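Here is the structure we will look at.
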Amino acid sequence: MRASAGERERVEALYAWERRLQRQGVARIAGVDEAGRGPLAGPVTAAAVILPPGLFIAGLNDSKKVPPARRRELAAVIKKESLAWGIGWVSVKEIDCLNILAASRWAMRRALSALAIRPDHVLIDGMELPGLKIPQTPLVGGDALSASIAAASILAKVARDELMVAYDAVFQGYGLAGNKGYPTREHREALRRLGPCALHRRSFKH
């Protein structure tokens, strides 16, 4: 289906930060975002993506604004069309040993390390990565401001959701395939009834 002029304009506007850096001579720009800071269960997942300059992907947006089925379609396109992409994970045990902010930063670092191409600059959603030896720009609400971060937000969300669906068959009774570990009413009721499983974060209030 052909994208409307308005949709093309919207997606092109997401490249404003990338174009600004490219005008300064920066070639390879990675967007980084995480998923899973708020759940009671499961890992924190991050993704890093380097897109070709100006690549048009119809529907590209902050993952929270994209329906699940469309997110999966977009993830496949992003993996196929990107110059490089990587996923980083931080386990429940690591989250409990660190804290959720530190765990999110570690997931982002691991996603960057998983890239087959080293970026020249990193656009990060909402936070800075201390000690990163690559120039970086943190953008609050970056998944709605940068195409690269939006692409990363989709990959991170899809990867984590798929894992939580798989975990639902192992840790039954918590509805993980539906709630993805987030603190829904049904999830909290299951916790009261069953107690926490190995996937639940002990450092979070249940």
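Glycine too: its Cβ is placed from the backbone N, Cα and C atoms.
Keep in mind that this is a model prediction, so the values were computed, not measured.
The domain 'RNase H type-2' annotation in Swiss-Prot covers 27-206 and is backed by sequence analysis.
In three-state terms derived from DSSP, ASP33 (divalent metal cation binding site) belongs to an extended strand segment. Taking the Cβ of ASP33 (divalent metal cation binding site) as centre and 10 Å as the limit, one finds 33 other Cβ atoms among all the protein chains shown. As annotated by Swiss-Prot, divalent metal cation binding site applies to ASP33, GLU34, ASP125.
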Mapped onto three states, the DSSP assignment of ASP125 (divalent metal cation binding site) reads strand
Have a look around GLU34 (divalent metal cation binding site) and count the other CB atoms within 10 A of its CB, chains all included. 28
